[in-house]
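*Asks:* Below is the structure I would like to discuss, written out as structure tokens.
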Amino acid sequence: MSAFDGVENQMNGPDSSPRLSQDPREPRSLLSSSCFPITLKFVDVCYRVKIHGMSNDSCNIKKLLGLKQKPSDETRSTEERTILSGVTGMISPGEFMAVLGPSGSGKSTLLNAVAGRLHGSNLTGKILINDGKITKQTLKRTGFVAQDDLLYPHLTVRETLVFVALLRLPRSLTRDVKLRAAESVISELGLTKCENTVVGNTFIRGISGGERKRVSIAHELLINPSLLVLDEPTSGLDATAALRLVQTLAGLAHGKGKTVVTSIHQPSSRVFQMFDTVLLLSEGKCLFVGKGRDAMAYFESVGFSPAFPMNPADFLLDLANGVCQTDGVTEREKPNVRQTLVTAYDTLLAPQVKTCIEVSHFPQDNARFVKTRVNGGGITTCIATWFSQLCILLHRLLKERRHESFDLLRIFQVVAASILCGLMWWHSDYRDVHDRLGLLFFISIFWGVLPSFNAVFTFPQERAIFTRERASGMYTLSSYFMAHVLGSLSMELVLPASFLTFTYWMVYLRPGIVPFLLTLSVLLLYVLASQGLGLALGAAIMDAKKASTIVTVTMLAFVLTGGYYVNKVPSGMVWMKYVSTTFYCYRLLVAIQYGSGEEILRMLGCDSKGKQGASAATSAGCRFVEEEVIGDVGMWTSVGVLFLMFFGYRVLAYLALRRIKH
């Protein structure tokens, strides 16, 4: 029995020849067939990872108790774990392959390997596309759908796919053609009824799980991939939704000549019948690869058959788990079943599979077509220009973030704070220096903590989507980052400007349009600097919980050294106030209200040297105002430092994002 019955006929048959469209710029011709056929081969694929651990389990307990450790306690043992071991298979254009196996069998690792997403010395073996190595050009024709649906929840289905089309389709296509391509994919995958519904997620009500999975597939179909790899696309779907989704995938393979590979955990019998080729994994080793219709006959030939009629997929998964019910009651234990099947595969099936792969060759005519189509004529595969990427990403960001930036609770938070400040300091007297200094410092605290804390979640929350889109080459890092910078300028400044507008005139701070505009400018610059701190910490740590803790401690240090709470900062901590955004904002707000300092000293009854004969306490207060409130940092120096922080923190955030591998 041949593992790949009829492979040679399919490779040389009429279905494998490329189908050229009359006008490659039309969306229907762009999506109706593969630009070139892809034959995927993988031979003896192995993947190993090294696990580092302590040789003595008591080492961690000793560290917690503060006990001394022996040199032997610090010796680390390195264990190498094999995820994949000698996996071999092949799939031709127009075929639908399913990778079966229990959890932890290596299905996702194999799919990442064949999709070109695993690199390094840990991966060995051959992975060939059209008898050649994986290249950047072939990766551009490979679509990868992850198990999790990584989509923006506030965008509608249409908006999601339109933005993808504008970013991923070649720049040679006009905008109208790209929009029609998005509409074509929406219609093809049956998303028309929900195209104007938000995608949603666990917390936001939106489309169903099956529809969300089809949106993820449409995300990749827009580039018209010749090879489509899907990691457990039916996970979380009911039987009917899973069947409809698999029917769609089978239609892409059989009707459009695409090469489709998917992993699936536990398919129904109806779903199993749609697979052309099945590959069964168990603990990283292959137990079967071949036509799905031949699987039961093969296992019967090696001594394993079900005692009663059952779903073939369930029987295969039982075998992969090392369990076989021979009479409906007893079970053979796992080691015997698994080892027997591995030995049978290595002896009977593996040689036939490798021979079939060796004798099948990709037609030279098709190879020349691929080279011409990708490198020469036809539609160029260049992505959008940098400026176009910036505009599209900025538009998408504004649509997605408007719900977060102008959330009702967030607006209530700012309005409530503004009203409380206005009532607490209602028409305060210009000579009530201590009261007004308290208000100015409260403003510095509130608009330092709030923007930094909100910004710290930006990049950690988008990490998964950002990594996937960068891996698919949708845009450059610089355009993505610049879109976030510009988006924050337009959205994050509305609330602080509204807060100050109400509070300033309710409190009746220094009258005049010029002092108000100066105060507003300082506050907005301070908000952007504080936001930059949050972006930098979030990008550097990339863990929302840890980053929020770090930014809270950092802002606490900035507040304590801001020049209001402590009369005399310890000499060892003086440096902290000079890196504090709160320190410079507070200095500027005081300077705008009371000038260079002579006026505020005069109001307190201090002479030019900061002395007063009334009492020692009052004299100490004068010295505090003179040394800490007025200080030795000028207005222009403070403005310059805030601008430096505004740019510096964002540069650090950009450099931190460059570390992320995709």
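Quick reminder: no glycine exception, Cβ is built from N, Cα and C everywhere.
Relevant sequence annotations retrieved from Swiss-Prot are reproduced here:
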REGION    1-30  region 'Disordered'
COMPBIAS  9-20  compositional bias 'Polar residues'
CARBOHYD  N56  N-linked glycosylation site
DOMAIN    69-308  domain 'ABC transporter'
BINDING   G101, P102, S103, G104, S105, G106, K107, S108  ATP binding site
CARBOHYD  N122  N-linked glycosylation site
TRANSMEM  374-394  transmembrane segment
DOMAIN    388-594  domain 'ABC transmembrane type-2'
TRANSMEM  406-426  transmembrane segment
TRANSMEM  437-457  transmembrane segment
TRANSMEM  489-509  transmembrane segment
TRANSMEM  522-542  transmembrane segment
TRANSMEM  547-567  transmembrane segment
TRANSMEM  629-649  transmembrane segment
*Asks:* Please report, as numbers and ranges, the same-chain residues at least 6 past the borders of the transmembrane segment (406-426) whose CB is under 8 Å from any CB of it.
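*Replies:* 435-436, 439, 442-443, 446, 450, 491, 494-496, 498-499, 502-503, 506-507.
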*Asks:* Would you mind checking how many other C-beta atoms are within 10 angstroms of the C-beta on S103 (ATP binding site)?
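*Replies:* There are 8 such Cβ atoms around S103 (ATP binding site).
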*Asks:* Have a look around G104 (ATP binding site) and count the other CB atoms within 10 A of its CB, chains all included.
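*Replies:* If we count other Cβ atoms within 10 Å of G104 (ATP binding site), we arrive at 13.
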*Asks:* State the Cα to Cα distance, in Å, between G104 (ATP binding site) and N122 (N-linked glycosylation site), rounded to an integer.
*Replies:* 18
*Asks:* Using a Cβ-Cβ cut-off of under 8 Å, list the residues of the same chain that are 6+ residues beyond the ends of the transmembrane segment (522-542) and lie near it.
*Replies:* 443-444, 447-449, 451-460, 463, 484, 488-489, 492-493, 496-497, 500, 550-551, 554-555, 581, 584-585, 588-589, 592, 639, 642-643, 645-650, 652-654, 656-657, 660
*Asks:* I'm checking region-level scores; what's the whole-number mean pLDDT for the domain 'ABC transporter' (69-308)?
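*Replies:* On average, pLDDT over the domain 'ABC transporter' (69-308) sits at 88.
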*Asks:* Report the same-chain neighbours of G101 (ATP binding site): residues 6+ apart in sequence with Cβ closer than 8 Å to its Cβ, ordered by sequence.
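*Replies:* The answer is K107, S263, L280, L281, S282, L317, A320.
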*Asks:* So if I measure Cβ to Cβ from N122 (N-linked glycosylation site) and keep only same-chain residues at least 6 apart in sequence, which ones fall under 8 Å?
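*Replies:* Residues satisfying the criterion: Y47, R48, V49.
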*Asks:* Looking at Cβ-Cβ distances, which residues of the chain lie under 8 angstroms from P102 (ATP binding site) while being 6 or more apart from it?
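*Replies:* The list for P102 (ATP binding site) reads H265, S282, L317, A320, N321, given in order along the sequence.
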*Asks:* Whose Cβ lies within 8 Å of the mean position of the Cβ atoms of G101, P102, S103, G104, S105, G106, K107, S108, the ATP site, other than those residues?
*Replies:* S263, L281
*Asks:* State the count of C-beta atoms found within 10 angstroms of the C-beta of S105 (ATP binding site), not counting that atom itself.
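*Replies:* Taking every protein chain into account, the count is 25.
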*Asks:* DSSP three-state call for S108 (ATP binding site): helix, strand or coil?
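*Replies:* DSSP call for S108 (ATP binding site): helix.
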*Asks:* Counting across all protein chains shown, how many other Cβ atoms sit within 10 Å of the Cβ of S108 (ATP binding site)?
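*Replies:* Result for S108 (ATP binding site): 17 other Cβ atoms within 10 Å.
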